[in-house]
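To start, the structure under review is shown below, and the notes come after it.
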There are 2 protein chains.
Amino acid sequence: MTADQTFDVIVIGAGSTGENVADAVVKGGLSAALVESELVGGECSYWACMPSKALLRGTEVLDEARAVKGAAAAVTGDQDVAATLERRNSFTSGWDDSGQAQWVDGAGIALVRGAGRLAGERTVVVTAADGSTTTLTARHAVAVCTGSAAAVPPLEGIDEVEVWTAREATSAQQVPGRLVILGGGVVGVEMATAWSALGSQVTLLQRGGRLLAGQEPEAGDAVAESLRGRGVDVQLNTSVSAVRKDGDDVVVVTSAGEVRGDEFLVAAGRRARTEDIGLDTVGLTAGEYLDVDDTLRVRGVDWLYGVGDVNGRRLLTHMGKYQARQAGASIVARATGEQVSMADWSPFVATADAAATPQVTFSVPQVASVGITAAQAEEQGLAHTVVRYELGNVAGSALFADGYAGKAVAVVDTERQVLVGVTFVGPGVSEMLQAATIAVVGEVPISRLWHAVPAYPTMNEIWLRLLETLKG
Amino acid sequence: MTADQTFDVIVIGAGSTGENVADAVVKGGLSAALVESELVGGECSYWACMPSKALLRGTEVLDEARAVKGAAAAVTGDQDVAATLERRNSFTSGWDDSGQAQWVDGAGIALVRGAGRLAGERTVVVTAADGSTTTLTARHAVAVCTGSAAAVPPLEGIDEVEVWTAREATSAQQVPGRLVILGGGVVGVEMATAWSALGSQVTLLQRGGRLLAGQEPEAGDAVAESLRGRGVDVQLNTSVSAVRKDGDDVVVVTSAGEVRGDEFLVAAGRRARTEDIGLDTVGLTAGEYLDVDDTLRVRGVDWLYGVGDVNGRRLLTHMGKYQARQAGASIVARATGEQVSMADWSPFVATADAAATPQVTFSVPQVASVGITAAQAEEQGLAHTVVRYELGNVAGSALFADGYAGKAVAVVDTERQVLVGVTFVGPGVSEMLQAATIAVVGEVPISRLWHAVPAYPTMNEIWLRLLETLKG
């Protein structure tokens, strides 16, 4: 047992969000303890962003090379699957967190290994792997950064089957022969892309009529068409009612019949990881997302923060890190008696959560979006115009790949005359997103955007085409 | 001989700039004649941007594929040189301008084939290939959009040698065995990259101590190192005094000795194409760049505009097109008696020329920059800070390519707290530039840029790293 300790701030959960909260408060002059029961670095480093993108990158770049006449001739072999998995393993450091633990130490943060649970006001009890406990007391704040986990729906027979979640899908050391995926969101789509390219026969089951629901319809339509072209069996409007084992097979019972696979990936949403962190000791309900204000402080509990996936605002690594910076600034300011401005875009609030959350799906084609969609603008009753343009009609796209196909959709607030949403669908669009994010966040007037000349001939000439189309 | 005609606006030169001026004034309700003695579409379409990028793309994407473990195994062959040249030929439509002429017609612009020369106020005489002449009169304005040509320095023996300029270098149908290039600017660097990859033995001679002078030093240094690694003989601080023929060889006499080649590319700057357009008939000097105000109107001649390369402001296709939009708006406004605001960033002025000109060099690595460099900020006496960051240290870059090497440099105006210059050097950075352009043009405060969250894990996370470095 370690001696009980007092810190200015206690952070539960050492994923990228927790690391950033702790780092921010330490840089602000406070002391911080960071509590982690699994790997320091969390989901993104080991079972999400990093391994999934590492799995996908080889496929992406070979597709790009095959799409350029002259270069295509050089791509005569196949992607080396073992080397691709090995590259993925190196990006996850072989699921060893010593590098990250070293970073935590170097940042002046006290790492406490074990499961952290709230035990009343500003108190966290950490239970180590050996069962010993340490009680940590926070002078100023406790930040819960325990993230989210895959939500596994209560399908008939689900307990008898060893399902994959995003964790197993991103860390598998063998290519499954037949992979059945439940859910056509980001995880389902990315894993269908990755594993089909590496040799799996993939079936993708989506309850709704479109993949990537919530994005502009162009996104899901293009990805479904592409996946089918790559041999993935995409079944839309298909719900799953039960699963069972049959020898080595998993049999998935759907509204359209049965599908057999070697592995069954459930990618049907997330749930807050708040079941077992002592929320009841502070008057909150276990298992629910934490309800926070724009400084990421839990409503009604002035010393408690919920940062990252755990608050359910935006389940994305980069938004968790963003919230961490804002929450960190708020915690430091409140600890030192400084004013915390709740005004939009102040250094203390996560205004971008609602106004300008960027997201990239690393599918083929890629989908990159920020802000609101046309449908959301409609729902919100916003005075707006939607501008659409074929990305392939831009010279830079044609140079990028023969037969380039892609779409751009921009949503313009016609009263404020600013962009409020942009979506790009197409090969290689991921790095084009930041321009849209800056335009939306910066509220740069349309009249000024005309002066932001895209370099010719890049795909970014889409900016000119969108403005011209808007002008009519 | 065609009947003499009167138009609202006469545009001399149907490159992309001239096309855009004509298009803008026609869309504004005026009539326009577009005069062209060569190919409609101009330099960019046939002998610059399009063919050079088409030559380079295959090399770029194969480099990218070879840099991803697992994907590299698939790249077992060589780039198909004939297919690459053929792809380049298709991007220049085989140097046939009928498609562009059709566009001009469809846009309601009168295309007049022949050499246009000013003949006094608002008058242009067009001499057709058969020697016949037509006199065109402009009710409102004449826009000179004749562009620029390669400046060939008066080296001893230069007239006895058939030199290549950018035109021959981008349109060659054979890979030269040995290519000697004079000039380490954009053209020299891009052609050294393209032809060395396609099999030429290239020598690149640069008078100064660094390639891509005028860019941040990181750019030229990285490109020189890369070119050398690719087998190009990069000779810095080397001036050329003479050239001569020796059998089939071109012998280039430099300050460091003699270099032999099969072709000699002169890429040592540009000159205005104003020698033979009748400038003397309106009191101007032939051969000089046109001196224009921010609406691109020639100072002292209120009906005459000089748009694009011909004014020497920014010799870039996209900036010519930008100027064309601003000049077009000014011409229409003045023709209809509307107010023309000379205020910065108005729809009539080319403010971005000085404040935010983006440029991409499609070398390996690419160089993408906008605004001013650190050296220029210093020269201007601007209160500023320079932030530098290794682009390879961003997770998205490591995923993009194993061993990714790149740089980011940001120049911040410390009084206004806005970005005034950004440079990215590295593979695949060309599409990252528009974000910087929007930030500079939009004068988005640094405090607001913190809310423009880069999607993880893209290379654009460099934005976060630059802000963190700036904060210190």
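Every residue, even glycine, has its Cβ placed from backbone N, Cα and C.
Remember, predicted model here, so these are calculated numbers, not experimental data.
The candidate list B:GLY106, B:GLY108, B:GLY269 contains one residue that TrEMBL assigns to the NAD(+) site with B:GLY183, B:GLY184, B:GLY185, B:VAL186, B:VAL187, B:GLY188, B:VAL189, B:GLU190, namely B:GLY269. Listed by TrEMBL as binding FAD are B:LYS53, B:GLY116, B:THR146, B:GLY147, B:SER148; the candidate from B:ASP309, B:ASP344, B:ASP353, B:ASP402 that the record includes in that site is B:ASP309.
Matching TrEMBL disulfide entries to the candidates B:CYS49, B:CYS145 identifies the partner of B:CYS44 as B:CYS49. The subset of recorded positions B:CYS44, B:CYS49, B:LYS53, B:VAL187 lying near chain A, with Cβ atoms under 8 Å apart, consists of B:CYS44, B:CYS49, B:LYS53. Taking each of the binding-site residues B:THR146, B:SER148 in turn and counting other Cβ atoms within 10 Å of its Cβ gives the largest count for B:THR146. When other Cβ atoms within 10 Å of the Cβ of B:GLY183 (NAD(+) binding site) are tallied across all protein chains shown, the result is 25. Between the alpha carbons (Cα) of B:VAL189 (NAD(+) binding site) and B:GLY116 (FAD binding site) lies a span of roughly 34 Å.
Remark: secondary structure over the domain 'Pyridine nucleotide-disulphide oxidoreductase dimerisation' (B:357-463) totals 36 helix, 33 strand, 38 coil, with classes taken from DSSP.
A gap of 16 Å separates the Cα atoms of B:GLY269 (NAD(+) binding site) and B:THR146 (FAD binding site). The binding residues for FAD are recorded as B:LYS53, B:GLY116, B:THR146, B:GLY147, B:SER148, B:ASP309; their greatest pairwise CA distance is 30 Å. Considering only the recorded positions B:CYS49, B:GLY183, B:GLY185, the residue whose Cα is spatially closest to the Cα of B:ASP309 (FAD binding site) is B:CYS49. Between the listed binding-site residues, namely B:GLY116, B:GLY147, B:GLY185, B:GLY269, the fewest other CB atoms within 10 angstroms of a CB are found at B:GLY269.
Shown in sequence order, B:ILE181, B:MET191, B:LEU211, B:LEU212, B:ALA267 are the same-chain residues outside B:GLY183, B:GLY184, B:GLY185, B:VAL186, B:VAL187, B:GLY188, B:VAL189, B:GLU190, B:GLY269 whose Cβ sits within 8 Å of the Cβ centre of the NAD(+) site.
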